[in-house]
């Protein structure tokens, strides 16, 4: 990987794993901004995130990482905000401070209150310390708790339009889409309990930028995915 750390001049490189919901967020953000980028697969199951050269990109050993010239960003939230600053059109954040805060709040529920609690390292630890199969129930509990909070928040704020916080795709959608997709496809969450999120999922699945970012569309996805 050593010779590949610097991105091709003028073209960002995204270090990604096809099934990672954090990588999924970054792909959506890049697609929404219309950025032509190079995809570099990092196989988490093979431990490639521990490669010494990858540690230079993200010492936490997480994907995604974005290399854009001399800029190296190793976090999906930071990547989204970097892209928002560099490519302000179309915007992912509204100008209204209350709506902007709401977008950050929803994104943070996903990125801090749901996804980290059932990432690969946590699930492996649970399986080792508690027992085989226990990680599934844990994952379902964390997702359902977070989805209940977001469903209630969106209804309380009465903010939903076509998308989570209005009629335009915004930051909240970038974070919601991968989490909902994973909940349906991998965890088999009953989305009838979350009618707003279920409707949003249908909108995301029909949007070209979201479609192109789907796990099964990535070059490192298994052929049957």
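Quick reminder: no glycine exception, Cβ is built from N, Cα and C everywhere.
Note that TrEMBL annotation is computational and uncurated.
Features of the protein shown, as given by TrEMBL:
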type	residues	note
DOMAIN	10-91	domain 'GST N-terminal'
DOMAIN	96-223	domain 'GST C-terminal'
Tally of DSSP helical, extended and coil residues in the domain 'GST C-terminal' (96-223):
93 helix, 2 strand, 33 coil
Please work out the helix, strand and coil residue numbers for the domain 'GST N-terminal' (10-91) from the DSSP assignment.
30 helix, 15 strand, 37 coil
